[in-house]
Structure formats: structure tokens, C-alpha cells
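First the structure, in the form of C-alpha cells, and then the observations on it.
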Amino acid sequence: MKKPFRIGFGFDVHRLSEGYPLWMGGVRLEHSKGLEGHSDADVLIHAICDALLGAAALRDIGYHFPPSDPQYKGIDSKILLARVMELVRSQGYELGNIDATIAAEQPKLNPHIPDMQRVLAEVIQVEVSDISLKATTTEKLGFTGREEGISAYAVALLIAAV
């Protein structure tokens, strides 16, 4: 019997380095450093993808889009998110909501959250109100506090399609 609700959790982290663009939630942000990664290294979208895949018991982003596969080199993470939603929907589920937190010292992300919500909602094909995003710092502690990287955490609720 198909469960009416499923919950998934996702996490991602990438190193901040000069010479890379900074993508967050599908929005390019102006900053002196960007995130290193095989794709565009959008930690927020990657955490959301893992939460969605986890909720549907479909493993993780690295399984579906392995960094060893050259077709994903530099890929726009919005494309990966759209493909993940196709997989989720193929299992008979729709998104209930997403709640995500980004941990970064710089840049300040709160001014960009409405744009990120809009982009994510458009890619996932849901209402903006279904996407909750928050930004925090680590009070200068750890790799995030030293501005060596940015991490993101996400929870997704899936609802069985009627």
C-alpha cells in the first residue's frame, strides 16, 4: 500500500574558491568567491534534490547524476532538480512542501531568498508558499565560519498523488 506521506532529508556542502560563480537556489549571486563542484555546485538545490530523492526512497543525487559522468560537468542544478521531480512524480508523489536552511557567513543571503523561492517554485512547478528558505551563519565557527565553504540542509514532504 502506498503511504500517503513521505519525508526526506538532504544535506550538501561545497568549498568556496575564487574563480567560480556563486549559484544559490538557482540564482547567481555576486560574490568574490563561488562554490567548487562538478556541476554548478548549487548547495541549496543539491540538498533539496537529496531530500526529495530520500523521501521517495530513490537514493541520492550522486547516484542519479554521478560526478564521474562528464555529461554533468558544469550542469545547471535547476536541470537536475527538474529531473528529480520527474522521478518523484513517476513514483506517484507530489511535493507537499520544502523547508531548507543555508549556512554561510558571506554573502548575506536574506535579500535573495524571495528570488530563490520563485525560481525553485517555478522549476518544481509548485506555489512559492510551498518553498520555505532560511539563511543563517555558524557564528564564525568551523569551515563555514572561516568562509571556506557553504552548506545547506533541506526537508521535503511528499504527498501521494490522487
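A Cβ is built for glycine as well, from the same backbone N, Cα and C atoms used for every other residue.
Of all Cβ atoms in the protein chains displayed, 28 besides its own lie within 10 Å of the Cβ of His46 (divalent metal cation binding site). What Swiss-Prot records for Asp12, His14, His46 is divalent metal cation binding site.
Here Swiss-Prot flags Asp12, Val13, His14, His38, Ser39, Asp60, Ile61, Gly62, Thr136, Thr137, Thr138, Glu139, Phe143, Arg146 as 4-CDP-2-C-methyl-D-erythritol 2-phosphate binding site. Secondary structure from DSSP puts His38 (site 'Transition state stabilizer') in coil.
The site 'Transition state stabilizer' annotation in Swiss-Prot covers His38 (among others) and rests on sequence analysis. Neighbours of His38 (site 'Transition state stabilizer'), defined as other CB atoms within 10 A of its CB across all chains, total 17.
In sequence order, Ala103, Ala104, Glu105, Thr144, Gly145 constitute the residues six or more apart from Thr137 (site 'Transition state stabilizer') in its chain with CB-CB distances below 8 Å. Taken residue by residue with DSSP, Thr137 (site 'Transition state stabilizer') is part of neither helix nor strand, so it is coil. Annotation source Swiss-Prot lists site 'Transition state stabilizer' at Thr137 (among others).
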Original post:
Taking the binding-site residues one at a time (Ser39, Thr136, Thr138), which has its Cβ surrounded by the most other Cβ atoms within 10 Å?
Top reply: Ser39
Original post:
Given Ile61 (4-CDP-2-C-methyl-D-erythritol 2-phosphate binding site) and His46 (divalent metal cation binding site), what distance in Å do their CA atoms have, once rounded to a whole number?
Top reply: 7
**OP:** May I ask which of the recorded positions Asp12, His14, His38, His46 is closest to Phe143 (4-CDP-2-C-methyl-D-erythritol 2-phosphate binding site) if we compare their C-alpha atoms?
**Re:** His14
Subject >> Same-chain residues at least 6 apart in sequence whose Cβ lies under 8 Å from Asp12 (divalent metal cation binding site) >> reply: Val43, Leu44, His46, Ala47, Asp50, Ile61, Ser151, Ala152
Subject >> Rounded distance in angstrom between the Cα atoms of His14 (divalent metal cation binding site) and His38 (site 'Transition state stabilizer') >> reply: 10
**OP:** Identify all same-chain residues not among Asp12, His14, His46 whose C-beta atom falls within 8 angstroms of the centroid of the divalent metal cation site's C-beta atoms; report them in sequence order.
**Re:** Val13, Leu35, Gly37, Ala41, Asp42, Val43, Leu44, Ile45, Ala47, Ser151, Ala152
